[in-house]
Amino acid sequence: VAGHPLRVPCNVSGFRDAEREKGFQVLMQEPEKTMDINVISARDQNFAWGKFSGRVKSKEITLAMLAPNSALFTIGELKASDEGEYECRTVNSVIERLFLFLRLGIKVIDNTLTVSSPDPPSLSLDEGDPLTLTCQASSNTVQHTHLSVTWYLHMDGEEPPQPIVSLDKDLTPSPGPRFRERYGAGIVRLDKVGEATYRLTIAQLEPSDQGRVYCQAREWIQDPDRSWYPITQKDSETTALTVKAKGKSTLVTYCQQKSPEALQEGQELALTCSVEGLAARQSFSVAWLRDGSELARFGPTGVLHVGAEHGDRHTGGQLLATKTGPREHLLVLRPVRVQDQGGYACRAWPQDRNEDESFTQGQYRDSPTQVVSISATASELSVQMGGESVAVTEGGRLQLTCRVTGFRGRLSVTWEHKSASPSRQVVGLSQEGVVEPGPDFAQRDVRARRPAADTFTLELEEVRPSDAGTYGCTVSEWTVKPTGDVELGSTSHLDTFDVARPENTLRLTLKGRDTAATLGGDVELWCHVKAPRIPMTLTWTLRRDGSPPDRLLELSPDGAITWRGGRQQRYQLRVERLDETVLVHKLRIAGATPSEAGRYQCEASVFLEKRHKKMNPSNELAVMVTRPESKLSLDAQSISGLLDADVVVTCSVTETTPGNPSYAVTWREERDNRTLLVSSRDGVVTPGAQATPGDEQRISMRQRAGPSFELTIRRARVGDSGRYSCVVVEWLQDPNDNWFDLPPVRGTMTLQISEPEGGLSVGGGREVNVTVAASHDFTVPCDIIAQSSPYSAFNVTWFWRREADGETRPLFTAHPDGTLQDVSGRGDRLRFHRPRPALFSLTVSGALPEDGGRYHCRVEEWLLSPSRRRVGGVHMTDSWSSHRLLTFILPFVIYLLVLYTQFLFYERAWTYSLY
């Protein structure tokens, strides 16, 4: 309801960052319009458009944050212009996208509820007297509403007021708690009389009824769900009720003038009459007298009688006599005439009811005379206009004001175009409020208004050059006579105005805020339009290098926006009026991308005499969109590794550019200027252009959390030592979800591969004596309990020394490539077995006496290294080992020349005796 507050809660749920405060916004769309109007934002103080900015600054409109996901939108006092459809939105600040959470239609209803009471402001009655009070309550709304009425008694020193009786919206009566018993006995009643009158009746007053009595009306409206709720309420004037204890007194009457003592013709005369001193339930009659002549009379039953000579005035509503209380009467004359002056009094008679229901009249009592003076009206009318020449642009609005002083009666006004030949009547406004356009302006949009009692205005839309010149305002004052309205006098005043061409007054200026924006940032352009109030279409254009301008949008005079090329998602438009001649059109680029870069311009065309006329455009304003500065920082540390072991080189990101980037990584070997591996932003790994097939088998890369990037070199070689670099490129997405890259950042580190210390060890280490029966088998084991590398290869040879001659002879050799060699000539009697990788054994079958002697094994460990051999801790050049392998293992010649270039030597001995 207009004039009442509006409160709308806005709540949102479903966000992952539930504890982060959301940026709520409220926008409004006027009826029959499609353009959104910014109302208020919880974050941006300059969000509101001109229509709401003043009320937001004065705190009449607020948007209070109640919780991170909840806000309360409040309008302190609704206006008719607030009607429309409201949207409560929130903004995801990470990607600057709007999410709609609430849409609500607001219908503003005029507050037409009126409540009044014709009863006197005070009443003094005796205990046992009846009390009748009336309340006028009505609503002039076009909505379907119901009224409820409650009468209250506010006793002195008691809070809150006590309800006497109420009539709800369905006309169901209900007594207050203190009056329930008397209501049940029929002493207290509430009746609806006619369309808008509610009458309270208390048949017998009690001393406890003393206090201030008033009625309260409440207006109810039905929701679409068929539930009712109140929308407004008002109280009537109060009547101070005094209840005197029972006692005997003398009849007394009083007459009092409520209107001003010095009246003029046309005003209202109001007199009240109070009767006191009658016993409870005593009937009486009252008559109104002027100079002893009776005007009207109330009989003992309350029936009004008006004399024949005053009947016409009573029928026409100019004479009104009413009973306002059990002992109160009111006489009203309106409008008064000079002949209505004189001495007024009221006369009261006690009336006793007889058994046949007739009345016996007692001695009357007149009130003191109230002298009323009425003078004829003399007009002192004065009219004043602006007095300055007014310049109006063609197609704009002419508004002239005429102010009046010194009037008492009703006024009419006539506006004329004096410069025309002959003079033309533009429009008139009669004393009854009827607007009458002149013949030459009947088809024009012309209005005559009276915004205040002393002010008249002329409004003429779509001014033409022929309308220029001098205008006159003629005001007449009228008074009421028995024969009708009589003009008391009139006066006039003149004013002039010129009509200017739009091209001479319209100026467009384009300014900007943060026109050099980072990709994804916001840009705001301001088009200042200095022009009169004329129908205008404003167009925004964008011209990119070497191409004609593109139309972005058009704003029509009715507020409709036409978007071109599907650009509505990226642009937002709002309009603010700074004063009568300056409008600011603000174009906001939300999340700028390279496609929004270019030179912007605003253009205007005005609609005059049913055709569009293009005006000079504004200046061009360049908007540049640049990529964000990279914040990427890498940590690449030098490492060392062992020969033939797996080595991992790590490149870690210590600082990244905001925006959740993806990464493309290139690993390079700087010594030979080779690209080893390349990983795209999608994680697809491809070999570098200079990578060899061996690199693809030994070298790999992966990305770990952090993020960090790892280059793995399997079975590292000494030749892998050197400088390595990781080249990292960040990829981000613009607001259109298109990917773009930032400058690459390089991290360099050094890799050093060294040979491991010898770690070969064979089990035992002491001589063992074994006795074997002839023809039985015996086994010589060779157990490796430690090795230098998990990738080591072994060459194992068994030797035999016969005690008789002391000569040591080789028996059998197991080469690293799996080749077995019998060098003793024992043939099938020797069996080789390797039950596990580190255990070698040689079995001699069917032992003969000549097999006795000392047996031992020698182990050579082979590692990837430059070609050298360590035997028993002493370095020796291994020139013959590769030749020996070349001789026996031709398929492994190349492989063994590259791979097996170092061995370690250990021996273990056994002594066998045969019997």
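Any Cβ shown, glycine's included, is placed from N, Cα and C.
TrEMBL annotations: computationally assigned, not manually curated.
Taken from TrEMBL, the feature domain 'Ig-like' covers 1-93, 118-242, 247-360, 368-492, 502-622, 628-728, 756-860. The transmembrane segment annotation in TrEMBL covers 885-906.
Of the two recorded stretches, the domain 'Ig-like' (502-622) does not lie close to the domain 'Ig-like' (118-242), with fewer than three CB pairs under 8 Å once pairs fewer than 6 apart in sequence are set aside. Summarised as a single figure, the pLDDT of the domain 'Ig-like' (1-93) averages 85. Counted with DSSP, the domain 'Ig-like' (756-860) comes out as 6 helix, 56 strand, 43 coil. The helix, strand and coil residue counts that DSSP assigns across the domain 'Ig-like' (368-492) are 6 helix, 74 strand, 45 coil.
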